[in-house]
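This report refers to the structure that appears directly beneath it.
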Amino acid sequence: MLPMITGFMNYGQQTLRAARYIGQGFMITLSHTNRLPVTIQYPYEKLITSERFRGRIHFEFDKCIACEVCVRVCPIDLPVVDWKLETNIRKKRLLNYSIDFGICIFCGNCVEYCPTNCLSMTEEYEFSTYDRHELNYNQIALGRLPMSVMDDYTIRTIWNSPQTKNG
């Protein structure tokens with residue numbers, strides 16, 4: 001008879017412990033009802049990227065001295081720099097500069113080590129295309145600055161949403 005009573009007591013303790021754990025989980029679930037939603041509706045709402053975000057590379061043709069430091073520090077030797085040596089002034093003249101963003105790993109080494117700061121990272125991250133050859137940007141495409149998320153009137157950022165203004 002005694003083992004049967006201790007078995008029921010053990011069962012009762014386990015039941016109470018399980019009910020306590022379920023109650024704790026339910027309290028955590030209820031605490032999330034007071035929070036704002038984290039999900040954003042992507043094409044219509046966009047998150048503001050951080051200051052150190054590494055997006056598409058912006059290239060300034062006039063500042064480049066064709067030193068090819070960006071090619072040497074790139075882990076995959078990605079930037080293609082075509083130049084011609086001007087014999088009369090003994091300087092390199094940049095002819096073409098291109099980066100294939102289908103291959104780029106966005107490590108930021110080219111921007112970090114560029115001696116003339118002709119390369120910089122932008123906040124653009126939308127590269128979706130149907131043809132991978134469209135991801136090969138030349139110096140003209142790299143020179144265009146993308147529209148900032150904050151300046152785009154068609155996009156509602158998370159900070160401008162009506163939920164954050166009301167609450």
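Glycine is treated like the rest: Cβ placed from N, Cα and C.
Of the residues Cys67, Cys74, Swiss-Prot places Cys74 in the same [4Fe-4S] cluster 2 site as Cys104, Cys107, Cys110.
Less than 8 angstroms from the CB of Cys74 ([4Fe-4S] cluster 2 binding site) sit Cys107, Asn109, Cys110, each of them six or more residues away in the same chain. Taking the binding-site residues Cys67, Cys104, Cys107, Cys110 in turn and counting surrounding C-beta atoms within 10 angstroms, the largest count is reached at Cys110. On its own chain, Cys114 ([4Fe-4S] cluster 1 binding site) has Val69, Cys70 as residues at least 6 apart in sequence with a Cβ closer than 8 Å to its own Cβ. Note on the binding-site residues Cys64, Cys70: the fewest other CB atoms within 10 A surround the CB of Cys64.
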